[in-house]
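Only one structure is covered here, and it is reproduced in the block below.
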Amino acid sequence: MDNNNAFQLSFDEQHYAWLAIDVPGEKMNTLQAAFAEEMQAVFATLNEKRGQIKGLIIHSLKPDNFIAGADVRMLEACQSVHEAQALASQGQQMFQQLADLPFPVVAAIHGPCLGGGLELALACDYRVCTEDEVTRLGLPEVMLGLLPGSGGTQRLPRLIGLLPALDLILTGKQLRAKKAKKLGVVDACVPHSVLLDVAKRLLEEKGHKKRAQVTLPIKEKLLANTDLGRKLIFDQAAKKTQQKTRGNYPAAQAILEVIQYGLEKGMHAGLEYEAKRFAELVMTRESKALRSIFFATTEMKKDLGADAKPAPVAAVGVLGGGLMGAGISHVTVAKAKTSVRIKDVANDGVLNALNYNYKLFDKQRQRKILTKAQLQAQMSQLSGGTGFVGFDRCDVVIEAVFEDLKLKQQMVADIEANAKPTTIFATNTSSLPIHQIASQAQRPQNIVGLHYFSPVEKMPLVEVIPHATTSDETIATVVTLARKQGKTPIVVKDCAGFYVNRILAPYMNEAAQVLMAGEPIEKLDAALLDFGFPVGPITLLDEVGVDIGAKIMPILVKELGPRFQGPDVFDVLLKDNRKGRKSGKGFYTYKGSKKKEVDKSVYKLLKLTPESKLNDKEIAMRCLLPMLNEAVRCLDEGIIRSARDGDMGAIFGIGFPPFLGGPFRYMDTLGLTKVVEMMNQHTEKYGERFAPCDGLLTRAGLGEKFYP
């Protein structure tokens with residue numbers, strides 16, 4: 001067969017067929033519509049030799065991936081539901097031909113087996129995967145606002161049962177090998193070195209027979225195979241899905257309907273309905289926005305932030321053993337696979353960071369992600385003390401001490417005195433300008449901002465902030481390190497609040513204005529949850545800490561002007577020791593594991609009588625418009641380099657609703673004329689803080705958009 005083909009068919013002396021997948025010129029195997037002709041030739045050969053073939057083994061020639069999924073770029077070419085449906089039907093037909101082969105087929109999986117890759121594997125009789133860390137199996141289409149469109153919604157429930165299949169498809173979660181084996185997604189997980197041998201042996205052990213129908217557990221039969229049981233499962237799933245998505249993600253409801261339809265009407269009807277609903281989702285605004293995030297994150301993986309080669313990083317130092325320092329040390333060891341030396345003024349601080357790491361690793365051990373030996377190996381990469389021992393080996397030192405300019409300047413001096421001349425000093429400040437921190441440095445070219453978000457091990461964004469004389473190599477090195485830590489880095493200009501806090505502040509200020517106008521706290525939070533944010537603004541303030549807000553806001557007012565001046569609530573709250581969750585009370589009460597409730601006494605403290613006057617949409621738009629306005633200012637001032645970076649920063653930094661694609665894509669969707677119109681209406685009603693900025697007015701006047 002042509003070596004330029006993605007699918008290469010061969011036969012061994014024992015009459016086994018081997019189908020190797022290797023997409024030419026690509027690092028990852030993806031499925032493309034253009035391969036249909038190749039696959040038809042493969043099926044023709046297999047059917048022609050059907051009487052001689054004992055079985056077929058499908059495997060990848062890529063060193064670290066099976067099939068990462070269908071090529072999402074194909075969907076961008078679809079101009080109609082009809083075209084998208086034809087694409088899904090083509091994939092279904094190809095996998096059905098695989099399932100209909102007269103001899104058994106086994107998929108030998110190493111590395112990611114996702115989306116269309118897993119759907120291909122599900123069409124096989126058997127599946128064997130490696131137990132390597134790189135091996136992951138899942139159907140993540142829901143993350144793109146889609147459903148599995150090549151048979152996944154029909155085959156997975158029939159293989160592993162309805163309940164576990166719903167969990168996998170609705171969440172898009174990826175399974176490690178052992179979990180996949182436990183659920184029955186794969187028949188065996190083995191060392192990589194014997195993968196192909198075991199796959200072939202499995203066919204021999206099965207007597208070269210097609211797989212019989214899977215026998216599901218009694219509980220699954222009672223629940224999923226009876227009308228009453230199915231109704232109960234789907235009703236509960238719909239209720240939970242609505243609570244989680246608040247109706248903002250149509251793919252979740254479509255997944256439930258397609259799976260239910262297939263179980264009730266049969267496989268053939270289920271596949272037809274799957275293709276239809278898949279196609280409808282492809283054309284939705286939500287899926288287009290979610291796909292734009294996928295493309296942006298893929299592009300950003302190639303972006304080093306500067307035109308320079310990153311320096312190698314073999315060891316990292318962390319200054320400060322508090323929550324941020326502990327989190328930074330964790331992602332450096334766990335994700336970046338780099339050793340860390342922690343320094344704190346007190347031994348207790350170092351012990352706190354080590355204990356924090358141990359607890360996170362031990363959770364992984366309890367979930368059988370790590371063995372005890374692997375946990376110990378991870379912890380051996382962490383060390384610390386109250387002095388600078390070991391800092392002479394650090395290539396990067398990340399500072400996570402208190403937000404105090406003189407203290408941070410002292411940290412710069414200490415590292416310049418105790419580390420290599422080439423050591424990069426990265427400051428995790430959330431509000432102080434980087435050029436001020438670097439103002440007394442001997443080597444200012446090595447200093448850069450690296451703003452993480454809390455909790456570090458969960459929040460995906462990091463802002464990289466060079467000052468005027470930061471070297472390109474420094475930028476490229478910390479961008480690369482951040483990416484290895486599992487983060488999405490965006491390079492932003494050195495200015496008060498940087499990007500994320502600068503667009504968050506007007507949003508939070510307006511939420512406070514709405515609150516001080518008498519809107520009930522729970523109504524205000526619920527309105528933004530319904531709009532699509534992961535938490536409401538008042539809950540967010542409680543989680544971040546009222547004291548943190550009280551520190552950041554005056555800096556923004558001083559540096560950027562009176563539009564950042566919010567209602568004076570911080571002092572009143574702090575005098576009553578209301579810092580939020582950390583002090584046990586804020587706007588909500590926090591008592592043990594009991595569900596948080598609004599602390600009604602806060603109304604009296606703020607001299608308010610709660611009364612709902614606005615509807616949810618009015619509340620949401622009041623809070624959102626100042627954020628949109630500030631995002632445009634940031635773009636025009638060069639704080640962010642592109643609308644893409646602004647959208648990614650908002651989504652990954654503050655949880656801007658992903659299904660809207662970010663503030664800039666959302667404004668494009670609304671139309672800039674409409675955005676300006678809404679801002680003018682709010683200006684008349686609430687004041688000059690809503691006045692649209694020049695950049696918005698100009699673009700709206702010219703009929704421009706942020707994206708082509």
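From the backbone N, Cα and C atoms, a Cβ is placed for every residue, glycine too.
The region 'Enoyl-CoA hydratase' feature in Swiss-Prot is assigned to 1-191. Summarising the annotation, Swiss-Prot assigns site 'Important for catalytic activity' to E119, E141. As annotated by Swiss-Prot, region '3-hydroxyacyl-CoA dehydrogenase' applies to 311-708.
Residue density at E141 (site 'Important for catalytic activity'): 28 other Cβ atoms are found within 10 A of its Cβ, drawing on all protein chains shown. Reported as a whole number, the C-alpha separation between E141 (site 'Important for catalytic activity') and E119 (site 'Important for catalytic activity') equals 11 Å. Reduced to three states, the DSSP call for E119 (site 'Important for catalytic activity') is helix. For E119 (site 'Important for catalytic activity'), applying a Cβ distance below 8 Å and a minimum sequence separation of six or more within one chain yields G91, F95, L139, P148, S150, G151, G152, R155.
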